[in-house]
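These come from Swiss-Prot:
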- 1-22: signal peptide (SIGNAL)
- Q163: pyrrolidone carboxylic acid (MOD_RES)
- C172-C177: disulfide bond (DISULFID)
Amino acid sequence: MSSRLLLQLLGFWLFLSQPCRARVSEEWMDQVIQVCGRGYARAWIEVCGASVGRLALSQEEPAPLARQATAEVVPSFINKDAEPFDMTLKCLPNLSEERKAALSEGRAPFPELQQHAPALSDSVVSLEGFKKTFHNQLGEAEDGGPPELKYLGSDAQSRKKRQSGALLSEQCCHIGCTRRSIAKLC
């Protein structure tokens, strides 16, 4: 019985003495690997899946400009400095200045507004107004993309990310690449 306990303790001690794979050395990240096809996919999952890529990027460079630009467009209920009905007022262009002031001050809306509120929420006009406002705040999107992605401004960004991923996979296959360069795509 005591030999069985000692064997289990020895196994437990060996298990604990193994180095943690979550800690990654700089040499491992900077090692040049040459992988193709499924091997590239496995390497990408290995680097990005364990959040190693995020740690490597946090040490290397600040956030890209595209992420900083999208951080400016925050709904008013999240952004504490914004006025509460900022987006609502922009989407209702036919509202008089007096009623807009009442909404922005937080006073009870006029009864006429309460009876038209369901119609405004379902109307295509208010949706188009919201899309135009959202589009203007994000900046110009490429005209070649589909209209759904045109207003979101993500078509050009996602296309660039896909193209850079394809170029990197070809480079990793033919020439070789570092795990750190794969981590930039995470």
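A Cβ is built for glycine as well, from the same backbone N, Cα and C atoms used for every other residue.
Sparsest Cβ environment among the disulfide-bonded residues C172, C177 (other Cβ atoms counted within 10 Å): C177. Reduced to three states, the DSSP call for C172 (disulfide bond) is helix.
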